[in-house]
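S.K.: Here it is, the structure, as structure tokens.
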Amino acid sequence: MTKPTLTYFPVRGRVQFPRCLLEYLGEEYNFNEVKTISDDLRKQLLFKQLPLYQEGDFKIVQTPAIIDYISEKHDFRGKTKEERARAHQCLAGIMEVLDHCLGYSFKMDKQQQEKFRNESPIKKFFEGFEMVLSQNKYLASGEKETYVDLMAFVMVDYVTNLGLMPSGDYPKLISLKKHYESSPQLKKYLESRPQSNF
């Protein structure tokens, strides 16, 4: 089997999601770190953006699409069409959280960060995820975890790292974060990943 390659910049960024997924699933992969997008690389990118996932001749961009492809390959998307739909619903919410945080975080001083936490546009997503996890063990509401539980961990990890955790109590999400942080599959990667806010 061809070992896949992920191409991205030397930061956590959006590639953190598929990297954590590959690490957790135990799939070996190559990481191609680039400082800039060269002209040759740009020609391979459908939307001229990274990350890029490549497996032999197959190439795909856009983080949600990469996550979906890897999860499908490992049967990690949910057992029923309802579970898969709920997982996709939550992933869309996670990507919205990421977009909100990355759109604001680099422009904020501490006072603005505090205001963001208290009036946070991401609060409604955290409340929604917390509600689902209060009623079900997993976000897709099935009997087993799916990729979206792991992606929720990456989201909470991101938001915490950026200092943008919304006000309120989210014990289920914090418990989820602790669970994956202590996972043997992820431990080595989490300790060696780029030390960047983004």
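Keep in mind that glycine also has a Cβ here, set from the backbone N, Cα and C atoms.
OK, Swiss-Prot features for this one:
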- 2-78: domain 'GST N-terminal' (DOMAIN)
- TYR8, ARG42, GLN49, LEU50, GLN62, THR63: glutathione binding site (BINDING)
- 80-198: domain 'GST C-terminal' (DOMAIN)
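Map the listed features onto the structure and describe their local environment.
M.R.: Long-range Cβ contacts of LEU50 (glutathione binding site) within its own chain (separation 6+, distance under 8 Å): THR7, TYR8, PHE9, ARG14, VAL15, VAL34, ILE37, VAL61.
Confidence annotation: the domain 'GST C-terminal' (80-198) carries a mean pLDDT of 90 in the model.
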S.K.: For the domain 'GST C-terminal' (80-198), DSSP counts of helix, strand and coil?
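M.R.: Reading the DSSP string over the domain 'GST C-terminal' (80-198) gives 84 helix, 0 strand, 35 coil.
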S.K.: For glutathione, with binders TYR8, ARG42, GLN49, LEU50, GLN62, THR63, what's the maximum Cα separation in whole Å?
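M.R.: Result: 17 Å between the two most distant Cα atoms.
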S.K.: List nothing but the one residue from GLN49, GLN62, THR63 whose Cβ has the fewest other Cβ atoms within 10 Å; the candidates are the binding-site residues.
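M.R.: Each of the binding-site residues GLN49, GLN62, THR63 was scored by Cβ atoms within 10 Å; lowest is GLN49.
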